[in-house]
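Enquirer: One structure, pasted below without further comment.
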Amino acid sequence: VGLVYMFNLIVGTGALTMPKAFATAGWLVSLVLLMFLGFMSYMTTTFVVEAMAAANAQLRWKRMEKRKDDEDEDSSSGVSDSDVLLQDGYERAETRPILSVQRRGSPNIFEITERVEMGQMASMFFNKVGVNLFYFCIIIYLYGDLAIYAAAVPVSLMQVTCSATGNHSCSVGDGTKYNDTDKCWGPIRRIDAYRLYLAAFTLLLGPFTFFNVQKTKYLQIMTSLMRWIAFILMIILALIRISRGQAEGHPSMAQLSGIRNLFGVCVYSFMCQHSLPSLITPISKKKHVNKLVLLDYILILAFYSLLSFTAIYCFRNDTLMDMYTLNFTNCKIISVAFIRYFLGLFPVFTISTNFPIIAVTLRNNWKTLFHREGGTYPWVVDRIVFPAITLIPPVLVAFCTHDLESLVGITGAYAGNGIQYLIPAFLAYCSRKDTQLVFGSGTVNKHLSPFRHTFWIVFVLIWGFSCFVFVTANIVLSESKL
C-alpha cells in the first residue's frame with residue numbers, strides 16, 4: 001500500500017507537462033535524461049531512508065539515556081534497584097501482548113518505527129544555517145507548486161469553455177494557435193476569461209488556507225481513481241490513433257534548446273523525497289524497502305516513457321499543449337463528448353483537491369521557520385498573516401503568467417533540485433557523521449543506502465550545483481537572445 005501511495009504521489013501534475021517537454025528536447029535526449037534523473041532520484045530516496053533510520057536511532061538513544069538518568073535518581077532516593085527492576089519487568093510483562101513475547105528478540109536501534117519528517121531531520125543533523133536553508137528551499141518549492149496549481153485549473157477551464165463556444169467548437173487541440181487577446185465570449189478576451197476563472201478558483205479554495213485540512217482520505221482515493229482513468233485513456237487513445245495511421249508526430253532526435261525545461265519537468269515529476277517519512281514509516285516489514293522502491297521507480301519510468309512517446313508520435317510538436325489532457329478535447333480525436341470534457345477538465349478536479357493540502361503544508365512551514373521555543377503567535381499573525389503570505393504570492397504569479405511548462409521547469413530546476421538532490425545528500429553525509437560520533441565507528445545502519453560510498457554523495461552534490469549553474473546560464477542566454 002505504501003508503494004502504491006508513492007506511485008500516486010510521484011505520478012502527478014508534472015506528468016501532464018512532460019509530453020510537450022519531450023517534444024521540444026527531442027526523443028533521444030529526453031529518454032536518456034529521464035532515465036538518468038530517475039536513477040538520481042532513486043539514489044537520493046535511499047539517502048533519505050538511511051537518514052530516517054539514523055534519526056530513529058538518535059531518538060531511541062536519547063530516550064534510553066533519559067531513562068538511565070531517571071533510574072539513577074530513583075536509586076539515589078532510597079528505592080532498591082531490585083524493586084525498580086521487578087516492578088518495571090512486571091509492568092512490561094502485563095502490558096505486552098502474549099504472542100509478541102516469543103517473537104520480540106532485541107529490536108534493532110536503527111528500526112524505522114517513528115515518523116521523522118524532513119524538517120525534524122534537518123534540525124537534528126544540520127546547523128542553524130542549514131536548517132534555515134532547508135526551510136527556504138521547501139517554502140520556495142511549495143510556492144512553485146501552488147503557482148502551478150493556481151494556473152493549471154483556470155487554463156484548463158479557459159481552453160475548454162472558450163473552444164466550446166462560437167465558430168471554433170471543439171478545436172482546442174486542432175493546431176489552431178490562439179493569442180490571449182483573441183475573443184472568448186463576446187467582448188471578453190481569452191486572458192480575461194483566464195483571470196475570471198483564477199479569481200473564482202482563489203475565492204473558492206483560498207479560504208481553506210485559513211483553516212486546517214483533515215480527513216482527506218476519500219478525496220485522495222477519488223483523485224487517484226480519476227488520475228488513473230485519465231492517464232490510461234490518454235495512452236489508449238493515442239495508441240489507437242497511431243495504429244490507424246493517423247499519427248502526425250515527427251519528433252526530432254535532439255534539440256538542446258529544450259533541455260532546460262525538460263530537466264525541470266523531469267525533476268518535478270520524480271519528486272517524492274519530502275513525503276517519504278509519511279510513506280515509509282507505516283510499512284511493517286522494511287527489510288527489502290530499497291528493492292521495492294527501485295521497482296516503483298522502474299514502473300514510473302516505463303509509465304512516463306509510454307505516455308510521452310505515444311504523445312510525441314500521435315501529435316505534431318506545434319500542436320502539443322502545455323497541459324497534455326487538452327490535446328484530447330478536439331472532436332477529430334474523440335467523438336464522445338463526455339470523454340472530451342472529462343479529459344479537458346481532469347486537472348480541475350484533481351488539482352483542486354490537492355491545492356488546500358499543499359497550502360496548509362506551506363503555512364505550517366512558515367510557522368515552524370519563525371517559531372521561537374515556548375512562544376506562541378498573536379491571533380492576527382497566526383490566523384491572518386501566515387495564511388495571507390501563503391496564498392497571495394502564488395495567485396499573483398498565476399495572474400502574471402499561465403505558461404505552465406516554464407512554471408514547472410523553473411520550480412523543478414531550482415527548488416526541486418535542492419529538495420531532490422542537495423538536501424538528501426547532506427542529510428546522508430551529516431547523519432553518517434553523527435551516527436559514528438554517537439554509536440562508534442563500528443556501528444552499521446541496517447538501512448544504509450546501497451550507494452554507501454562517499455563518492456556517491458559527492459557526485460550528487462556536484463550534479464546538483466552544476467544543474468543550478470546550467471539552468472541559470474541557459475535562462476540568461478535565452479533572455480539575452482530575446
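Count begins at 1; order follows the chain as displayed.
For all residues, glycine too, the Cβ spot is worked out from N, Cα and C.
Automatic prediction, not curation, is the source of TrEMBL annotations.
Not my notes, these are from TrEMBL:
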DOMAIN    6-52  domain 'Amino acid transporter transmembrane'
TRANSMEM  27-57  transmembrane segment
DOMAIN    119-451  domain 'Amino acid transporter transmembrane'
TRANSMEM  125-144  transmembrane segment
TRANSMEM  194-213  transmembrane segment
TRANSMEM  225-242  transmembrane segment
TRANSMEM  292-313  transmembrane segment
TRANSMEM  333-362  transmembrane segment
TRANSMEM  455-477  transmembrane segment
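Describe the structural context of these features.
Expert: Look at the domain 'Amino acid transporter transmembrane' (6-52): DSSP puts its residues at 44 helix, 0 strand, 3 coil.
Long-range contacts of the transmembrane segment (125-144) within its own chain (CB-CB distance under 8 A, at least 6 residues past either end) are made by residues 51, 54-55, 118-119, 274, 358, 361-362, 365-366, 368-369, 393-394, 397, 407, 410-411, 414-416, 418-419, 422-423, 426-427, 430-431, 434.
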Enquirer: What same-chain residues lie close to the transmembrane segment (333-362): Cβ under 8 Å, and 6 or more beyond its ends?
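Expert: Residues 12-13, 16, 139, 142-143, 145-146, 149-150, 152-153, 156-157, 159-160, 170, 172-173, 201, 205, 208-209, 211-213, 216, 219-220, 222-223, 226-227, 229-230, 233-234, 237, 241, 323, 325-327, 387, 390-391.
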